[in-house]
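Now, the feature entries from Swiss-Prot:
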type	residues	note
ACT_SITE	Cys131	active site, proton donor
ACT_SITE	Cys134	active site, cysteine sulfenic acid (-SOH) intermediate
DISULFID	Cys131-Cys134	disulfide bond
Amino acid sequence: MTVARLRELLPDYARDLRLNLGSVTSQSNLSAQQLWGTVLAAAIASRGRTVLVELEPEALDHLSAEAATAARTAAALMAMNNVYYRSLHLLEDEEYSRLRAGLRMNALANPGVDKVDVELWSLAVSAVNGCGRCLTAHEHELRGRGVAREVIQDAIRVASVVHAVAVTVEALETSSGTNRVAAAD
């Protein structure tokens, strides 16, 4: 199961996504670990079963066990943080920001891989989940660690394409296209 297989599942109306998926996974300013950790974290965050089934094995071919665990951890913890911090932002009451969050995130303290990579994966998941406060925080941390804007942009590009592919494939599976996707298996 590969990027190529997932690209084959995309219908003609999603040709741009097909091309974008190929380009973001082959031409990047990200290291291989950063790229495939971003792919894995974004696939998890996108909640698309088929997308995760198709992309995870290829991602695991490029990631150490520690990196795969760190990408999964980033996806899991950002699922929590993105809801929490996006909600605080939307409430528009700064008093909530002064309250202790009380949410455990110990796994991010020692992720077993370079913290820049985990920040990129957290940024990508935050992009998928639409948390502006988290995006700003992760971008600020990455820029403070000397990460170029082009690298940050590539992580966001990967996340946006993976998410769009997940939405498109899920729509196919839900609509009359279900048989078409299932038949491709």
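Including glycine, each Cβ sits where the backbone N, Cα and C put it.
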**Request:** Within 10 Å of the Cβ of the residue listed as 'active site, cysteine sulfenic acid (-SOH) intermediate', how many other Cβ atoms can you find? Include all protein chains, please.
**Result:** 22
**Asked** Long-range same-chain neighbours of Cys131 (active site, proton donor), Cβ under 8 Å, sequence gap at least 6?
**Response** Met78, Asn81, Asn82, Val83, Tyr85, Arg86, His89
